[in-house]
Amino acid sequence: MNGLSVSELCCLFCCPPCPGRIAAKLAFLPPEPTYSLVPEPEPGPGGAGAAPSGPLRTSAATPGRWKIHLTERADFQYGQRELDTIEVFVTKSARANRIACMYVRCVPGARYTVLFSHGNAVDLGQMCSFYVGLGTRIGCNIFSYDYSGYGISSGRPSEKNLYADIDAAWQALRTRYGISPDSIILYGQSIGTVPTVDLASRYECAAVVLHSPLTSGMRVAFPDTKKTYCFDAFPNIEKVSKITSPVLIIHGTEDEVIDFSHGLALYERCPKAVEPLWVEGAGHNDIELYSQYLERLRRFISQELPSQRT
């Protein structure tokens, strides 16, 4: 079985690791932060007010208005006009971690806002160019957040924190911007499909997009795994059937990180799945470069979702 010796198999099944250890070994590679939050002056008597001093990197969350400062490694592809459409703030999760959030106003009066849970080795600074481009092309605003231990979010990455982090983002999006669930599309990419599936299994929303999803942590590490063990991490395969919103699954047939079979298995298990997008020849990190990616998203959002609402 996957090249494991008898002694290794005995160790695995007689003294199984906890899900948190599996998750930490498989999933989390937070980069060095590519951004900080810089305070903006608050309006006050005489037209000026006190703002929090210094950039926000790792200190406790403070009230106030913030602007994002990107490092060169963020490689922002747009100009100041687009940067000014990005609003950033910090919220707190139920596990007491500070969670950095980003709201990108791509389209005035957009019908939908995408709550985007990004992939593994990136943070909000590296993703914001993609968010500007994606939102503009599919006609949606984009809301995203950094997981605990990513970017300027505090704490450390863990499976439990992933679930608390997306809960905090969901609540912030709903309360801060007054956006109702039927106007929110949950979008998860790679490891981001884990919090996305968990949230979507508990709350109804406009739709769900699973981009290069995994079935579970054990199935990534040991591809011959056929059942979900109690010590498995990220058990998307056990939760996807509970989603009551339309689900679009996208996967590359040559994915070298999370095998294409994961996307197929989730599609077969998901009763609310719509026509999937299997991108022939695409790997784990290049699906966005194929023309059918945007074409399928546009059709899903502009044609299929409205028809399901009528």
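Backbone N, Cα and C define each Cβ position, glycine as well.
The following features are taken from Swiss-Prot:
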REGION    38-61  region 'Disordered'
ACT_SITE  Ser190  active site, charge relay system
ACT_SITE  Asp255  active site, charge relay system
ACT_SITE  His284  active site, charge relay system
MOD_RES   Ser307  phosphoserine
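On the structure: features taken from Swiss-Prot.
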{"residue": "Ser190", "record": "active site, charge relay system", "contacts (Cβ under 8 Å, 6+ apart)": "Gly119, Asn120, His211, Ser212, Pro213, Leu214, Val257, Ile258, His284"}
{"residue": "Asp255", "record": "active site, charge relay system", "contacts (Cβ under 8 Å, 6+ apart)": "Ser212, Gly263, Ala282, Gly283, His284"}
{"residue": "Ser307", "record": "phosphoserine", "contacts (Cβ under 8 Å, 6+ apart)": "none"}
Three-class DSSP secondary structure - Asp255 (active site, charge relay system): coil
Other C-beta atoms that fall within 10 angstroms of the C-beta of His284 (active site, charge relay system): 19
DSSP-derived class (H/G/I helix, E/B strand, else coil) of Ser190 (active site, charge relay system): helix
Secondary-structure category, per DSSP, in which Ser307 (phosphoserine) falls: helix
